[in-house]
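What follows is a single structure, written as structure tokens, with notes after it.
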Amino acid sequence: MKRRKFDAAALPGKVGGALDDRFKLASPARKLMTKVFPDHWSFLLGEIALFSFIVLLLTGTFLALFFEPSMVEVHYEGSYLPLRGIEMSKAYESTLNISFDIRGGLVIRQMHHWGALLFVAAILVHMGRTFFSGAFRKPRETNWVIGAILFILAFFEGLLGYSIPDDGLSGTGLRIIHGITESIPLIGSWAAHALFGGEFPGEVIITRFYILHVLLVPGIMLALIAVHVGLVFAQKHSQWPGPGRTENNVVGYRMFPNYAAKQGGFFMLVFAVIAFMGGLFQINPLWLFGPYEASVVSSGSQPDFYVMFLDGLVRLFPNWELSGFGFILPAVFWPAVIGMGVAFTVPLLYPFIERRFTKDRAHHNLLERPRDNPTRTAVGAMFASIWLITTVTGANDIIADKFNISLNAMTWGGRIGIVVIPVLTFYITKRICLGLQQHDREVLAHGIETGIMRRDPDGRFYEIHQPLTDEVDEHGHPKVLEYNGWTVPKKMNRVGALKPGLRGFFKPIEIPGDSTDQSSLDSKDTREEIEAGKK
Amino acid sequence: MSAAQHDSSANEPVDVTDGKLSRFEIVKEGLRRDGIEILHYEPAFPVPGTKVEKRIERFIAFCFVVAGLGALGFVAVFAFWPWEYEYAEFGGAGSMSKWYTPMLGLTLALGLGGLGIGILTWAKKLLPVEELVQERHDGGSNEEDRVITGAVVGNMVEETGIKRRPMLKRALLFGAAPLGLAAIAPLGTLIVPPGDDLVTTGFNPRNNDGQPVGLMLKDGTRVRPDMISVGGQITAFPAIPDGSTNKHADSPVLLIHLRDEDAKKARENAYEMYEGAQWNNYIAYSKICTHVGCPASLYEQQTNRLLCPCHQSQFLITDNAKPVFGPATRHLPQLPIDVDEDGFFYAVSDFLVPIGPAFWERG
């Protein structure tokens, strides 16, 4: 039989046809590929989180091949000399082996840790973008809630992850987790015993945390991330206001090839940054901490940055212990359990809290600039300030040491700060928002400040403004333009009257305008003197 | 703009199979059918083959070559670079293996980064510049659909007859609810009664056949008074099997040799229950912070304060180790100590109050 000639050019069509015969893909595939996405740099933040999550799955799988989540005592005989002959758990030993005795283990371990930090950081910034632009409003509340749950899961996933190597630092963290669990009223000691399988530290906690860390929590997260991203597709991405953009359309470019190429490239870049950090920046050098011993701690015991707000809150809270009728409500219950609960549930429920006050039940596909919702922006800034104070307090012993400040002064500064600064932040942020709004409207009404001063014959000075429109009202004044929710040009070069300012980091990549070359400033044959805006 | 959109969508669908349309016209027809309108579309380089275009092409090709070299480098480093860890006191000077991890990171970053920057440049500089507008159709289904789906659901409930058959409803509830309980019951295995775990430590005489428990160092050496200089301190453990391991994580004590005047002060200040708990100038406090359980072990000799490095609680050792700063509420429990006829320290009894962080039933 004669062999049929292979036609490479017809192959994609043939495969496409075969797939369509079976799955009826032509229409849905086309719709997916030509789906329009709006573009703005701030929409990329969530992607950083998504990409770091993928890197975490990859590196985590490698680590799981070599990590032994066991608290069985062993003698260390690996290549790190200072710890040779020391008794330690198998978990710590296998982590040391990953770092020293497994080819490429250290770079993967460090990439996993840096990836985790980047993951949580990206989630926080992404949440901030969503919050301050009002993207969580109807119809996207569900996705906000899913995102907030993902943050909570990421927080605990990280906590579980840095607890399982069973080194000196992670054991101290476990001890604190134990102490906090014990502080829960009524069930505290039973809950702590259930968690640790008996007295602290017991012999099961690492094994338990491990299975939560590698199976349960990431499994739930994977499912929620799929829903999270799926809902963005189904509901279509929100967009910033701008020319031609309405509540009922999406302005942007197509999923393929533009968006997909940018996403693919960006994924590689995020991966590259994590690889670079994993290779060159040391993180969690746990061979220096030694195995966990209940009697040993070092100064400067800090958790990862996203847990530091909680640690800071615990440091700041006064020693107000309630007792009576033979029972105790430990002081640490308030900052650690209630504080954490509030920190997690208030953001989770924020869309519904805001709606209670605004009674806003409309669909919103256009985002709001932070200045256009001063109260929300101020509330957000207030929470950010609380987070910042508590996070800094989480490292107040380091700051006290490095800057030679009294430790007690740092604590008192934090205690006073956490009461005063949020209030100030709220007020100042709100005033700044209102001021920015006012200035936008001023420019829309009177034009851009040109910096050209004029003196009237009667001696008065005034600045000439360049109106943004040629249209005039019945009095001959420039028409007051309506604010459309987007950037108002405030510099003359923004409206093309001057050459753009210098850009570039090492050298200007645009040539500065030549003040003597008047022809470049105006396309018209003769330049007219700026007269408008004159009273 | 929206008027134009309406005009075009009012048009009859174009026949895309008649072979007269160019490929891009078919693409445009597809977009139109999906409610997408092209606002702006132009090739990045209307005149092909300009100098700028060539330069960008060269740059992208360079990025991809760098990516390939980086990836090959990664594989080469992974396989051939000496990687076995060599310990050296001062950072392993002269050893190649200390560069193994940085080289891996660097080459991998080059491989991935080159590919990433190449693709991004391609997308940003070479793909056509486009702006499209697509209609949204949110805000729920139309009224008809809602009515129909509502009827379907209502009918479904009706068909089961659950409303007309209250006995079945109750029986189902009785049948299903216990299954829920059964599902969570296995979690009950996790419950371990605390018993007296939280109020006893390794210093309890029951760990030593009813005899008082001695104090020992980490390595098992029994502690004698002359082992601690004046103003010094050591960490001591119950002298029982595994006494210094994490099996007795609640037991470590800080044994301090106070200066004469400090010892006098401590004795004067002692709470009633701690009278006689001190042995001469020696005093032993639980190391486990009463806040959340870190070892409170930073001893400041000059101020006689013990600092917990986790949350900065500070305890005054000349006054029952009561908290003087920070979030801790309770004093560090004191271990009553004495010296036996062989000259070794021992605990007269277990701690008189539960050590470590507070809990509900501690009272």
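Glycine is no exception: its Cβ is also placed from the backbone N, Cα and C atoms.
Record features, source TrEMBL:
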DOMAIN    A:15-241  domain 'Cytochrome b/b6 N-terminal region profile'
TRANSMEM  A:41-67  transmembrane segment
TRANSMEM  A:114-132  transmembrane segment
TRANSMEM  A:144-164  transmembrane segment
TRANSMEM  A:210-234  transmembrane segment
TRANSMEM  A:264-283  transmembrane segment
TRANSMEM  A:327-353  transmembrane segment
TRANSMEM  A:374-392  transmembrane segment
TRANSMEM  A:412-429  transmembrane segment
REGION    A:509-535  region 'Disordered'
COMPBIAS  A:522-535  compositional bias 'Basic and acidic residues'
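The stretch from A:210-234, A:264-283, A:327-353, A:412-429 with the most CB pairs below 8 A to the transmembrane segment (A:114-132) is A:264-283. A Cβ distance under 8 Å defines the sequence-distant neighbours of the transmembrane segment (A:374-392), meaning residues of its chain 6+ beyond its ends; these are 128, 131-132, 134, 305, 308-310, 312-313, 316, 346-347, 354, 399, 414, 417-418, 421-423, 425-427, 429-430, 433-434, 437. Residues 91, 94-95, 97-98, 102, 105, 108-109, 111-112, 115-116, 118-119, 122-123, 125-126, 129, 133, 164, 210, 214, 218, 221-222, 225, 229, 237, 263, 266-267, 270-271, 274 of the same chain lie 6 or more positions beyond the ends of the transmembrane segment (A:41-67) yet place their CB under 8 Å from a CB of it. Residues 67, 69, 91, 112-113, 116, 119-120, 123-124, 126-127, 130, 135-136, 170, 173-174, 177, 205-206, 209-210, 212-213, 217-218, 220-221, 224-225, 227-228, 231, 284, 303-304, 306-307, 344, 347-348, 350-351 of the same chain lie 6 or more positions beyond the ends of the transmembrane segment (A:144-164) yet place their CB under 8 Å from a CB of it.
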